[in-house]
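The GTP binding site annotation in Swiss-Prot covers 10-17, 62-66, 122-125.
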Amino acid sequence: MFKAKVLVVGPTESGKTILANFISDATETIGGEYNPTQGVRILEFECPNGNKGSSCEVELWDCGGDSKFESCWPVIMKDSHGVIIVFSADIPSHLKEIEMWHLNFIQKQRLQENRCLLIAHKKPGSGDERERLNLSPALAKLTLIYSNLEDDPEDVRMELMKYLRGIVSSLSESRDREEMSIIT
């Protein structure tokens, strides 16, 4: 069974923990009092691998958004297979902040764009306007999904599972190539 390590990063109060809990089925509730993540939380769950009938164990690393944890980032990034950048579409400063997250967690790691996901998260009660976001050219290359767990939780789950299956598929192909190179 494959094991995929996916980081969930982004500015403080963007909804990273809510999304991590949601995708890993760690909790049923969506709302609640804000409690900032200290350092990192690791959630483990199985993700079915679509057409191959097998599954993959996913480690979802829910990373605290406070810059005081920056010294931990190299250790957190080590051996990661994917990065999800979460930001609040309701907080204008987040658009600028996610550029820093992209630089540190995607560009510096030289992660392929198909292993990255950008999520514009809407907090419960904030409406569902999907305004056009003014993203930098580097961020505009990433897949962007809008997340509103109140109105369309299954659409969000479907998009996240599609993203995770893509990572699992990449890992599988990589392993197959490695095995073939050993054989030949």
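Glycine residues also receive a Cβ, built from the backbone N, Cα and C atoms like all the rest.
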Next item on the list: Report, as a single number, how many Cβ atoms besides its own are within 10 Å of the Cβ of Cys63 (GTP binding site).
Entry: 26
Notebook entry, point to check: Considering the binding-site residues Glu13, Asp66, which residue's Cβ sits among the greatest number of other Cβ atoms within 10 Å?
Noted result: Glu13
Next item on the list: Compile a sequence-ordered list of residues in the same chain as Lys16 (GTP binding site), six or more apart from it, whose Cβ lies below 8 A from its Cβ; state 'none' when nothing qualifies.
Entry: Val8, Val9, Gly10, Thr37, Asp62, Cys63, Gly65, Val86
